[in-house]
Amino acid sequence: MHLKRAYPKDCLSGVGSNACRIGDRQSRYPVTIECESTGTSGGGVYEIVKTGDPVLRLTAKPLNSDEIQSEAIQQLIAAMAERMREAPGVGLAAPQVGVSVQLVVIEDRPEYIERLSGAERREREREPVPFHVLINPVLSVEGEESAVFFEGCLSIPGYQGLVARARVVRVEALDERAAPVVIRAHGWYARILQHEIDHLNGLLCVDRMDLQTFSTLENYDRFWRGG
């Protein structure tokens, strides 16, 4: 199994009145898993793509058990973990490295949380989350509680804004061995899950954001942090 991105020429060039219409995302922006990859940690390098790249607006394809256990997907997982930690970030979805498949990696390391004050940790309900992989995740909201916090994205670097998310969620998925997993999460971990699974459905955090709060990181620190 090999991985690649594949877009029609007219979409990449912007030719044609409907070349990049989001409503046609499935047919206009096909992504296959049949040819050579743009790179893996064993060879080339998967780079984090930025907002405006059509791959971020696709509905990602599910993976079957054989695909999950293939060398290509295992290499993709390793490369995604590397990119996430280099950024650094607490989660990364496959579309963010240009591969439209239903796969995310998540890790909220203790050293990230140590940068926050005790009050911030408690308010955000943020605890360390060990590295794990979720494939073909299905998320459901539990209860009616929500929380609103500033949120950023590795594909929209340098910006944050307020996003309302469910406080408690349940996720059913497969792990990197194609074994079923069930997660019930609350607080910041629930937010990470919602953010990353949104990516698999062609959604970015700005689609759920209060755009009046959309800020550069500099202005977030200047006007919003702790306010």
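Cβ atoms are placed via backbone N, Cα and C, with glycine included.
Here's what Swiss-Prot has on this protein:
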type	residues	note
BINDING	CYS153, HIS195, HIS199	Fe cation binding site
ACT_SITE	GLU196	active site
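Everything Swiss-Prot records as a feature, shown here on the structure.
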residue	record	Cβ contacts under 8 Å, 6 or more apart
CYS153	Fe cation binding site	THR51, TYR159, HIS195, LEU204, CYS205, VAL206
GLU196	active site	GLY91, LEU92, ALA93, VAL104, ILE106, LEU134
HIS199	Fe cation binding site	LEU56, ALA60, ALA93, PRO95, GLN96, VAL104
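Residues CYS153, HIS195, HIS199 make up the record's Fe cation site, and a Cβ search at 8 Å around their centroid adds GLY91, ALA93, GLN96, LEU154, SER155, GLU196, ASP198, LEU203, LEU204, CYS205 from the same chain.
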